Amino acid sequence: VVLRGQLWVSRSWWSFFLALFLLHRYGDFKKQQRMVLFGTLLAWYLCFLHRLYFTSGCQQRSTIYKQCKIDHEEPASAPTLSPSPSNHTTANTTVTPSKRSPCYKPWSYIPDGIMPVFWRVVYWTSQCLTWLLLPFMQSYARSGGFSITGKIKTALIENAIYYGTYLLIFGSLLIYVAVHPEWHLSWYELQTIGITAANTWGLFLLVLLLGYGLVEIPRSYWNASRHGHLLIKTYFKASKLMTEKADAEENLEDVMEEVRKVSESIKYNHPLRKYIDTILRKCPVDYQEKMGRNMDDYEDFDDKQNTYPSEKSLVKLHKQVIYAVQRHNRTRVQWQILLQQAIHLEDVAKNETSSTHQFVHSFPSSEPTGWFSRYVYTPTAEWYWECLLKRWFYRLLSVVLTLFSVAVVWSECTFFSTRPVLSLFAVFIQLAEREYNYLYIEVCSVPAALTAVWFLLSPPDGVLHHHLFLCTCVYSTVFRIRVFNYYYLASHHQTDAYSLQFSGMLFCRLTPPLCLNFLGLIHMDSAISHQQKEQTAYTSIMGSMRVLSFIANGFYIYYPMLIVILCIATYFSLGTRCLNLLGFQQFVGDSEMTSDLIDEGKELIRREKRKRQRIEDGENRRREWKERYGNQRRRLHEAKYSRSGSRPERDCIELLQDAEPLDFNADSLTDDPLESESGRHAGGRYLSMSSSRSRIFDDV
């Protein structure tokens, strides 16, 4: 009992810390609203808790043990009819107690009544989040209102159609049931219909995401082993990201210009000035300083007959400022990350032909090396991993994941067949059930939590457990997909509040149908397998799907077969090619547009490397100057004010002190004399003319 309690607590904490870590990676604890963070954390926590308890095998082992007890409670001498293969006559066979395998209670057995309550709480909480709370919180977080009341009002108006559609469907269903008294639907059956409708929508989306992930995850690992292909694709991403970055900067400039005009028109004593101050606090610091310098607080707004913006227009402007600043920051951070990746891949390509077998970086890190880099991950070990072992590891992992994908596709197409059993997952579970081998289920389930953590922390991802592989294919697609700027999960704290909550909604809607789909694959869902077996705790709260037989016997069985078509379309990149034909820039190897973008990205990376090299050279010259002349100048400075020393010696000292290192930035050279005369800073000048002599390399 103590071990079971510790197991439950440990899984709960694992789920919580995993959700918290991912939220820290994608969200921003300092800037985003607490309500947004709490809602997303709760949604992710419930889904990961769902997954860890489901993949642990406790439910399956408990169900197998209960079925074993039911079989042993039947009379041992009860005759059973079995057909004779020779003369097609019926013979009575008696099963003796000695032929029955004993029932061993698994160490992680969960008593009756606990799991149904647990699943009921987890399921209904996640459903309330995904269908009620998270849509409202999305509109609340995206609203540009200046008060809580205004944001709530905006969220209610935006969700009126959303909630009204649900009420209309539910009301129509009640009216339809009321005019057909022969149906006699109870509250339990109405609840089952609602659960079935939600799971049907989730299954529709599940098959789409699963068909993409089953092909894309193994292929991403295989492509990761091809350094040349990966570098070319990085150039392509750099070109697209630079275009997006320039567009974000231009959009920010336009929005800031509009803010400046509004700020100049509304003075300090205007009733709407408090809203302008709220908007200014959301602007970047440099723009705040510029607008603060141009602000004249002594000018009264009543002295001029100006047209002032309304509060509604300020709310819209506030929303635009939040979006523009977030997008600008995201593209700027992503550009730095992508630049670092491109430089690393170029370093790998250069070091592959190295005869010294030591990895050399183009731009060594300025941070001091730790004990791991000094003693374990040495330059030699880094060379063997980056240039030799890593590619073969990824290729092997890609082959293993491809076999998993083939097994999943085969099982999805054949899980409805119970005689003979064609689903591979059902075969494995029934082998363990026949011998009551709980250890097999436990061993297969132990890697589940570990590989889930690995997948979520370092995509592209791989798993070792068949059920967790399904979760990986679905959840990785949620992290990968991008719907323009409407939905996009960006790491390094660059995901906006709307995308965070949208991902929580997707997780809550996909998890229940994913669990039911897996139970169907292993033939533990009696509504699909049509076998008289002990129900699992999860299917007991889902209700009997026989209330809607056309869904249980039709949609749930035949719709997953479409996964074959989706896998074929993903393998041949049909979606990518269609988007490319429509004008959306996609990475297609035989496209002229792709080649142009690759060349453009390569030039952008080369330009950024030259810029970084100039900065590093300037820092090196500054460091050398300090090391070479720092102590000497200090001694000469002390000797200058001493009584000893002749006049010529003091003159030499003054000449040495006036000497400064010269640096010239050729890229900043300007031929316009008006620019230099107007007081603007012009590069390409002698640093000895700088006003600050203590930081002589600040202008490099």
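Heads up, the Cβ atoms here are built off N, Cα and C, so glycines get one too.
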Between 590-626, 627-663, 664-700, which stretch does TrEMBL give the note region 'Disordered'?
664-700
Which stretch does TrEMBL mark as transmembrane segment, out of 116-140, 191-215?
191-215
Of the residue ranges 238-265, 294-321, 350-377, which one carries the coiled coil annotation in TrEMBL?
238-265
Residues sitting near the transmembrane segment (191-215): Cβ under 8 Å, six or more positions beyond its termini, same chain?
127, 131, 173, 185, 405, 408-409, 470, 472-474, 476-478, 506, 509-510, 512-514, 516-517, 542-545, 547-548, 551, 555-556, 559-560, 562-563, 565-567, 569-571
Per the Cβ under 8 Å criterion, with at least 6 residues separating them from its ends, the coiled coil (238-265) contacts 276, 279-280, 283-284, 287, 290-291, 294-295, 306, 308-309, 314, 317, 320-321, 324-325, 327-328, 330-332, 334-335, 338-339, 342, 585, 597-598, 600-601, 604-605
List, by number or range, the same-chain residues at least 6 past the transmembrane segment (160-179) whose CB is under 8 A from its CB atoms?
131, 135, 185, 190, 193
Local confidence of the coiled coil (608-635) - pLDDT mean
81
